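Lifted from TrEMBL, the feature list:
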type: DOMAIN; residues: 613-705; note: domain 'DYW'
type: REPEAT; residues: 96-130; note: repeat 'PPR'
type: REPEAT; residues: 197-231; note: repeat 'PPR'
type: REPEAT; residues: 298-332; note: repeat 'PPR'
type: REPEAT; residues: 399-433; note: repeat 'PPR'
type: REPEAT; residues: 434-468; note: repeat 'PPR'
Amino acid sequence: MSFTIALHQRAFKFPALIFSCSFHYIRHKSIDPESFYTSLLEKSTQKTHLKQIHNQLYTHGLHENGFIITKFIHVSSNLKETEYARQVFDEFPKPYVFLWNAIIRGYSLYNMLDEVVEMYSRMQHAFVAPDAFTFPYVLKACGGLMAVRIGQAVQAQILRCGFEDDEFLRNGILSLYVKCGGNNRARVVFDGLRNKSVVSWTSIISGYAQNGQPIEALRIFREMRGSDTKPDWITLVSILKAYSDLEDLEQGRCLHSLVIKIGLEYEPDLRIALTSLYAKCGQVMAAKSLFDQMKIQNVILWNAMISGYAKNGYADKALELFHEMISRNIKPDAVTIQSSVLASAHLGSLHQAKSMDNYVNNSEFKNDVYISTALIDMYAKCGSVDLARKVFNQTLDKDVVVWSAMIVGYGLHGQGREAINLFHEMKDAKIRPNDVTFIGLITACSHSGLVDEGWDFFKSMKDYGIEPSQQHYASVVDLLGRAGYLENAYNFIKAMPFEPGVSVWGSLLSACKIYRHVILGEYAADKLFSLDPLNTGHYVQLSNLYASVHMWEGVGKVRVLMQSRGLNKDLGYSMIEINGKLEAFRIGDKSHSRFNEIYEKVEWLENRLLEYGFVVDSESSLHDLDKEDKKMSLCNHSERLAIAYGLISTDPGTTLRITKNLRACVNCHLATKLISKLVNREIVVRDLNRFHHFKDGICSCGDYW
């Protein structure tokens, strides 16, 4: 049964009061049928009304009245009856431009962008010339679909139709190129505008801010401020993003003052942008204050806060917020998941990592390659390279980022051979490596003592057209330095094609500490103090180097230098995960409720170590303590306390997982190797640089840490 016949067979049931007049009465009273039916259409609130009116149009021969049918399509679209509107349109013989515009507008209204482009194409094939009301919808659709080539064709037709001076259409073209990332084309259109409105300025500023050119966005904003055009809240959102990307907190605060001054502080999108700015710049308390004041909390706002926590050392708070978000039935998106996975990686809890993995596996993001990559990194940083490899194996479409994440994970755990084998698999899969791939490979070789292999990988970078960066050079210095080739490392630095940075000199100083090379260490430290004068770690490294060779005067000078610059040595702590809960310990810590049991276990461990011939190396920066105090202090290092707590809190054979905020000291590294054998446990320690897997008296690092 055809659509038209079906209409004729339906009973007319529109409210009798409205339809009390027959068509004959309308004609007799000289009532305009177009006005009558368009008035009825405006009163329609459901599809049933539309069908009854359509039936009457056929009954009275008005179904080919273009004015009424155009209105009919508009009303149908407004009532979300786009399919019905399309049926009515398709039955109209030879529709003219107003009907085409009506159906295109209807699709645009509900972001049915493919249908907008399809109808525009059909319009061309029907030889119906578009007008100035057609093009805005089509340009919007092209921007949403990132269809820049179709958009260029539309721009050409706008010029052919003589609308090149239409400012509204030129702004539409500008918006198209902005959305498609074509900043250069957008700038040409912008510069050609004779009258630049706030929409024009905002579009070009947004283009630069959204497409990774914040400095240019700010430059144009200054031009806008110099004109007579006042920015609106949309402009300010883009500028806040630019300041966020540059992490320019000072200017961001100034803009916040402007927002308050012009009375826009309660604009939701501006509050979200301000929350993101403060969170990204590390001002999480200010960000949380703005977050808490928002009554309508959408996913973008939650993402800003969760990401801010995750990236500024508040992993636990990020995850708390993530769980609160879910409990409030606010649906997370891919950005939420990535930030939460990052927080799990920073937290270092394998229990939490498994929980996050389980959530992803039961969500729509299960096969998202970006999230799979984040999960690989998360598991590697939480101590399980095997679970990282499991995620890697399950990832369907592996790109270079996925392969590189797994190679970096192997490097973090000192599994150099596994990293190299995976690289060969990567080449067999025809995946071209990138700069991160080689950082992972050289680091893996460095942590495994594979000097020749690491050097070969560095030299092979040019075969792939990759120019080594500071990080690559630092990795090679680390590779050579860990293996004891200090002079080679120094000569390598001198031959660098650009000035060595902090990471390069830091790698050399670390190697000098291992091999007690004072002269070269002092030289590296001097470079570091000039490049990065407020980094406490450099001073501690030099102090430890002096202490290792009994140069106590040098230790004293470093301490005086630190005091003069207002620096304090970071306090070391170790965390251990027991039954999914993280417990933290500091040196000599007695705050735990079970501290008596913990110290009894520490004493038991020390006695067992002595029985097996373990000798404490007390030559360290603790030179101002007497011999017995040195011994007790070293025995009470945070790692020992964490291990002791793990032993009294878990069943025999349970793996202990410990996270330390500083580099493991020589004594604790040697002691942990022997403890793993004495208690028949695997002990996994994540220190500042890498993972150590202690088992049967051996460490996975091979003492290359």
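Cβ atoms are placed via backbone N, Cα and C, with glycine included.
Model, not experiment: these values are computed from the prediction.
Sequence-distant contacts of the repeat 'PPR' (197-231), counting only residues of its own chain at least 6 positions beyond either end whose CB sits under 8 Å from a CB of the stretch, comprise 167, 171, 174-175, 177-178, 181, 183, 186-187, 190, 238-239, 241-243, 245-246. Same-chain neighbours of the repeat 'PPR' (298-332): 268, 271-272, 275-276, 278-280, 282, 284, 287-288, 291, 339-340, 342-344, 346-347, 352, counting only residues six or more beyond its ends whose CB sits under 8 Å from a CB of the stretch. Sequence-remote contacts of a segment are chain residues at least 6 beyond its ends whose Cβ falls under 8 Å from one of its Cβ atoms, and for the repeat 'PPR' (96-130) they are 66, 69-70, 73-74, 76-78, 80, 82, 85-86, 89, 137-138, 140-142, 144-145, 147, 150, 154, 157, 161. With a cut-off of 8 Å between Cβ atoms, the residues of this chain six or more beyond the repeat 'PPR' (399-433) that come close are 369-370, 372-373, 376-377, 379-381, 385, 388-389, 392, 439-441, 443-450, 453, 464, 466, 690-693, 700-702, 704-705. Counting residues of the repeat 'PPR' (399-433) by DSSP class, helix then strand then coil, yields 26 helix, 0 strand, 9 coil. Residues belonging to the repeat 'PPR' (96-130) score a mean pLDDT of 93 in the model.
In the repeat 'PPR' (298-332), the DSSP tally of helix, strand and coil residues is 26 helix, 0 strand, 9 coil.
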